[in-house]
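Worksheet: one structure, shown below.
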Amino acid sequence: MTLSWFHKLVPSKIRTEASTKSTVPEGLWCKCPSCNAILYKSEVERNLEVCPKCSHHMRISARKRLHLFLDPGNRLEIGEGLAPLDPLKFKDSKKYKDRLQQAQKATGEKDALIVVAGQLLGLPVVAGAFNFEFMGGSMGSVVGERFVRGVNHSLEHGAPFVVFSASGGARMQESLLSLFQMAKTSAALGRLSKARIPFISVLTDPTMGGVSASFAMLGDINIAEPGALIGFAGPRVIEQTVREKLPEGFQRSEFLLEHGAVDMIVDRRDLRERIAALLALMTRDGRAVAPAAAKAPPAIGEGAGEADLARCLSALPMDDPEAE
């Protein structure tokens with residue numbers, strides 16, 4: 001049945017205007033997953049992917065993280081040519097090889113960790129960041145090798161090492177090869193500690209499994225972003241195992257700070273200055289830090305001891321382990 005009678009009644013001009021597509025481009029707006037506010041995308045980006053309404057810290061890619069953290073220019077990517085293999089020919093519901101190709105196509109990266117040597121407010125550093133969009137930021141052999149090469153670069157140049165973790169844990173598709181990386185990365189940090197080169201671990205949402213059980217909690221200073229999920233097994237798994245209801249906010253960074261599992265919580269917008277100030281104290285090189293960041297950072301939360309930590313670090317003779 002045709003609608004010719006309708007076309008006779010409705011002028012063509014009206015029909016044309018009604019069918020005209022909207023000229024508003026896509027991607028102008030986004031929704032905060034915490035407060036559900038509809039936000040202007042460019043405003044969120046200017047705010048470093050932090051919700052301007054509720055200060056929820058959204059997840060960001062590894063490259064964007066490093067772009068925001070390091071000074072522009074003079075950057076060297078470490079282990080860029082490394083790519084994962086499939087020696088076990090692993091297959092679950094999908095072949096591991098196919099999962100890798102899918103993740104690489106979606107993210108444009110070869111694996112989940114990017115390590116870059118650069119500067120932070122003029123202070124030489126080596127920084128690594130996980131991309132959670134790449135197979136949940138899982139740690140496989142390439143992630144472990146890039147991490148160790150980053151440590152080696154720090155040892156060679158005497159530069160502090162900073163890592164932003166965002167991972168679901170060890171990569172099951174690499175089986176024992178992925179579990180080896182827990183020991184491999186931890187042993188590398190032992191060499192860094194012996195050389196008295198600072199390692200700062202920044203735990204972002206989420207940091208779980210084999211990553212939290214290895215290098216992520218081995219920082220000389222462990223920093224968490226607000227509201228980050230941090231732990232080994234997920235809260236639902238724990239509740240099913242112990243058959244008890246977990247406390248409110250269990251495994252969130254605020255809960256961990258209250259119970260001494262992390263040293264401080266720092267807003268993403270303050271991370272550059274805060275970490276630079278701490279590294280200046282730990283390396284005795286305050287000249288490398290901008291004047292605004294050279295002073296001891298303020299305390300956070302209710303009675304948190306970050307200012308006390310900064311004063312202790314500045315007063316402690318770094319070569320005298322017996323000093324109090």
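All positions are counted from 1 along the displayed chain.
A Cβ is built for glycine as well, from the same backbone N, Cα and C atoms used for every other residue.
The range from 32-54, 170-192, 262-284, 285-307 that Swiss-Prot describes as zinc finger is residues 32-54. Ranking the binding-site residues C32, C35, C51 by other CB atoms within 10 A of the CB puts C35 at the bottom. Remark: C54 (Zn(2+) binding site) has C32, S34, C35, A37 as non-local neighbours, by Cβ distance under 8 Å and separation of at least 6 in sequence.
Surrounding the centroid of the Cβ atoms of C32, C35, C51, C54, where the record places Zn(2+), the chain contributes additional residues within 8 Å, namely P33, S34, N36, A37, L39, P52, K53, S55, H56.
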